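Notes to accompany the following structure.
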Amino acid sequence: MNKELQPKVIFLMGPTASGKTALALELAEKHNCEIISVDSALIYRGMDIGSAKPSADELARGPHRLIDIRDPSESYSAADFRADAITEIEQIISMGKTPVLVGGTMMYFKALLEGLSPLPSADEAIRAEIQAEADEKGWEALHDQLREIDPVSAERIHPNDPQRLSRALEVYRISGKSMTELTQTKSAPLPYDVVQFAIAPRERKVLHDLIAQRFAIMLKQGFLEEVTELKARGDLHLDLPSMRCVGYRQCWQYLDGEFDYDTMVEKAVAATRQLAKRQLTWLRSWPELNWLESGAEGNLVTLMRQCR
């Protein structure tokens, strides 16, 4: 179908603390748009302060889809996101509105835009079998196995990365095909006219300062108390994807007595800055991207002009 005849979908990407939410809310209020969150932390219930989840007032102004859809004990993959996001996009378009996908989880945006390889679902029995082999022989021996069946993945995956190494072996044992073979086939790309924007401060120091300021505000809002409540549940631990979110891990470790308060703040801010750096690295290599400067006047006008 000609792109001009396809329904329009807006991507608004950017590093953490860059002002994505404020611009998305303006879009929702003034231009018949609905917001879909693209954030691997906002999906979790009870993780509100440390994830910078939109406030009740902001959600009243512009409801966000795909937030608070999982318990922190649960996992959520890029494939899960793609399926859920496509459902939400189709609903919004059927209402005569424009979907605006807003967030900083670049892997989700990439999966949505380009499609995903048809990898098999996890098999707990096979995972346990691989773990038992690793306990007996060591991960180096399993890495040698991977090199024999999938040298391309073995080159990419380090022997000290058991999670990815285990997954590559699991995929082969389930399907009889290597990860490399399977990833050569992808699901269909999005059948929409996708207009893509990135928003970020021009100067890195500005972003670094915003990150430090925002973490200080989170602590005043009760971030440590939020993590204390999550710890008290008893079913969560630091190996879960939810607890690997920046800020949560460092607060958890502080509450465990691993380091003092000032060190916790320093580590959390540093981890958030590293996340922002990775996000910007993704974005700089992203094709067909329109850049906006955080806080600049006229961003909404510029965005709407590009969408025509």
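Backbone N, Cα and C define each Cβ position, glycine as well.
For reference, Swiss-Prot has these:
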| type | residues | note |
| --- | --- | --- |
| BINDING | G14, P15, T16, A17, S18, G19, K20, T21 | ATP binding site |
| BINDING | T16, A17, S18, G19, K20, T21 | substrate binding site |
| REGION | 39-42 | region 'Interaction with substrate tRNA' |
| REGION | 163-167 | region 'Interaction with substrate tRNA' |
| REGION | 244-249 | region 'Interaction with substrate tRNA' |
| SITE | T105 | site 'Interaction with substrate tRNA' |
| SITE | R127 | site 'Interaction with substrate tRNA' |
**Complete:** Long-range Cβ contacts under 8 Å made by the region 'Interaction with substrate tRNA' (244-249), restricted to residues 6 or more beyond its ends, are 16, 40-41, 44, 47, 50-51, 215, 218, 223, 227, 230, 238, 268, 271-272, 275
**Message:** Using Cβ atoms and a strict cutoff of less than 8 Å, what residues sit near the region 'Interaction with substrate tRNA' (163-167) while being 6 or more residues removed from its termini?
**Reply:** 127, 130-131, 134, 139, 142-143, 146, 157, 179
**Item:** Site with most surrounding Cβ atoms, counting all protein chains shown within 10 Å, from the recorded positions T16, S18, T105
**Value:** S18
**Request:** By Cβ count within 10 Å, point out the most packed of the recorded positions listed: K20, R127.
**Result:** K20
**Message:** My understanding is the cutoff is Cβ-Cβ under 8 Å with a sequence separation of 6 or more in the same chain; which residues meet that for G14 (ATP binding site)?
**Reply:** K20, G104, A198, I199, A200, Q279, L283, S294
**Message:** Helix, strand or coil for R127 (site 'Interaction with substrate tRNA')? Use DSSP.
**Reply:** helix
**Complete:** Min neighbour Cβ count (10 Å) across binding-site residues P15, A17, G19, T21 flags G19
**Fill in**
Rounding to whole Å, the Cα atoms of T21 (ATP binding site) and T105 (site 'Interaction with substrate tRNA') are apart by 14
**Complete:** Rounded mean pLDDT within the region 'Interaction with substrate tRNA' (39-42) lands at 97
**Fill in**
Same-chain shell around ATP excluding G14, P15, T16, A17, S18, G19, K20, T21, C-beta within 8 angstroms of the CB centroid, reads G104, I199, A200, S294
**From P15, A17, S18, G19: binding-site residues whose CA lies within 10 A of T105 (site 'Interaction with substrate tRNA')** = P15
**Request:** Look up S18 (ATP binding site) in the DSSP assignment and report helix, strand or coil.
**Result:** coil
**Pairwise CA distance, P15 (ATP binding site) versus R127 (site 'Interaction with substrate tRNA'), rounded so that it is a whole Å** = 34
**Prompt:** Beyond T16, A17, S18, G19, K20, T21, what residues of that chain have CB atoms within 8 A of the centre of the substrate site's CB atoms?
**Reply:** G14, P15, A22, A52, G104, I199, S294
**Request:** Could you tell me which three-state DSSP class T105 (site 'Interaction with substrate tRNA') falls into?
**Result:** coil
